[in-house]
Amino acid sequence: MPEHRADRGPGREAHPPSGRGDHDASGPTARVSGADGARALPAHIAAQLRSAGGPTDTGGQAWEGRNLGEGTSHTHQFPDDPGTADPKVSRALEAWRAGTASEEEVVAALAGIRVFVPIVAQVSQSHITEDGLVSDKEADMALVSLQAADGRKALPVFTSTDALTRWNSRARPVAADIRRAALSAVQDGSALLVVDPGTDPAFVVRRPALWAVAQGHEWTPSYKDFAVDDAITRAALGRPEIVAALAGPGRGVNAVRSGGVGLSGGGEGPELTVTLQLRAGLSTEQVQAAVGHYQRQLAAQPVMADAVDSIEVRLTA
């Protein structure tokens, strides 16, 4: 029997968001959250940044070189932060891009670090002057979000202020603990976290890993999760047409970057592949019935919704 593939699963197939931030924020890969009902910034941040649309604040002090993290006064939770990347994350990302570190090692290195979330000025009110010119009356600050190729929303975070500025020179960095940033992403409806967009390649934290980071838990990839493997096996019970059901990394895990370096995670495509070995000699109708039943049984397993971002089913004889 020739191999067949069918993308299925508790989450849509994840494609890493692409593109840089220095373009129209209403474009297909970057957008501003705020006016569309997304979670608003805390009041004390919004008050400090309300006039951040220009090169200086209302007191004439330049924004350039200033840390606009939460509580830039003495209450700032990172008072001596130079805005550079945490060494452990830099090492993990460098090793991952070299093909010598796994995606779970990168996610583990993210635990407890400070990141920068980009925000931009967004006009909330404007009026026409006597000369017929449009004048911005009020500007609010809003989070920037990305959109993946499959339509899902992603929150960009940066390990350093330099990385954020290179990506979008108009965005202002807000310092936050990675767990709080992940919680904000979840509350804002984001299914992905993109670390250092604009780098080659950026690291994508998929939904189950994002939830684990938000809760401060360790994360195990679905293709290494014994509970997921058990669910994949149990879903085939009672179907004599299915000889075996095997789990393994998907196309999005075994990615290859330019230059031929193999990456663990971050690529386009599903993170999990289920290979169904079917009994030889089945008719098309028998195959469809067996696979349909299997997919329904698999979707009913709670662990699949919690631990799996996207899945691909392959059929072999």
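For all residues, glycine too, the Cβ spot is worked out from N, Cα and C.
According to TrEMBL, the feature compositional bias 'Basic and acidic residues' maps to 1-25.
Residues or ranges marked as domain 'SseB protein N-terminal' in TrEMBL: 90-212.
Among the features that TrEMBL reports, region 'Disordered' is placed at 1-87.
The helix, strand and coil residue counts that DSSP assigns across the domain 'SseB protein N-terminal' (90-212) are 39 helix, 48 strand, 36 coil.
If you take every residue in the domain 'SseB protein N-terminal' (90-212) and average the pLDDT, you get 86.
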